[in-house]
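Below is one structure, written out as structure tokens, with a few remarks after it.
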Amino acid sequence: MADPWQECMDYAVILARQAGEMIREALKNKMDVMIKSSPADLVTVTDQKVEKMLMSSIKEKYPYHSFIGEESVASGEKTVFTEQPTWIIDPIDGTTNFVHRFPFVAVSIGFVVNKEMEFGVVYSCVEDKMYTGRKGKGAFCNGQKLRVSQQEDITKSLLVTELGSSRKPETLRIVLSNMERLCSIPIHGIRSVGTAAVNMCLVATGGADAYYEMGIHCWDMAGAGIIVIEAGGVLLDVTGGPFDLMSRRIIAASNIALAERIAKELEIIPLQRDDES
């Protein structure tokens, strides 16, 4: 039987490239920067333009599909997550990087049916790296097959995470104490590139052994989540329970043993779910 979603995925790759071109062009020009939920949560006109282009292109081709987009939600739309084929879009993952011209900026497109991730496309456009993952078909970067590391020993692991955009003292305390706890196990190190999607793709490549974060959103995870799984990795909730795309938290790891070991160390940040906002 023909893959019903392959055409959608091929289209997502074309659109991600177009969006990347818009972003690269915008990097040459002066930017108007606005603030969203905190002084460290930024948005630009380019975020909004790219999302508009992606949404209108997809809606024209697939009018009966559903959509969740970061900038649409920021402008007041509800996150409605149903069984319908749903495109989950982050037009610029790494807006702060974009504003500072720090070279990790990604377009993330996830596609979910019956609440299951079917495919993901993450285009790291400054690096010109196109990451793709299709349920049951593997994960690739620029056509090269991806495979997670086989590292199960946390003391030999390299982790990726972020400080996040919240500047609330209690949230920062938890974020930093979690890092301190993990570092003192000890582990080899912690890295951050400033975009959840690229952090997760680095786990898929085997370059990092695991990624964890709390406070991100479904549009940060939907594209890269399936890429990690298809590269042989696992997704887990930070409690060690099953991963939930609407929960705003994740451990993406090369294997279950490492994911569960990380979960043991984490103090949980209380968060409002995406589907409750």
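Cβ from N, Cα, C; glycine included.
Per Swiss-Prot, the feature substrate binding site maps to GLU70, ILE92, ASP93, GLY94, THR95, GLY194, THR195, ALA196, GLU213, ASP220; the stated evidence is similarity to another entry. Classification of THR95 (substrate binding site) by DSSP places it within a helix. Close to THR95 (substrate binding site) in the fold, though at least 6 residues off in sequence, lie LEU42, VAL43, THR44, ASP47, each with a CB less than 8 Å from its CB.
The Cβ of ILE92 (Mg(2+) 1 binding site) lies under 8 Å from the Cβ of ILE23, THR44, THR46, ASP47, VAL50, PHE98, VAL105, ALA106, VAL107, each of these being in the same chain and 6 or more residues away along the sequence. Taken from Swiss-Prot, the feature Mg(2+) 1 binding site covers GLU70, ASP90, ILE92, and the record attributes it to similarity to another entry.
Its own atom aside, the Cβ of ASP90 (Mg(2+) 1 binding site) has 33 Cβ atoms within 10 angstroms in the protein chains shown. As annotated by Swiss-Prot, Mg(2+) 2 binding site applies to ASP90, ASP93, ASP220, with the evidence given as similarity to another entry.
Within the same chain, the residues at least 6 positions away from ASP220 (Mg(2+) 2 binding site) whose Cβ sits under 8 Å from its Cβ are ASP90, ASP93, SER108, ALA196, ALA197, listed in sequence order.
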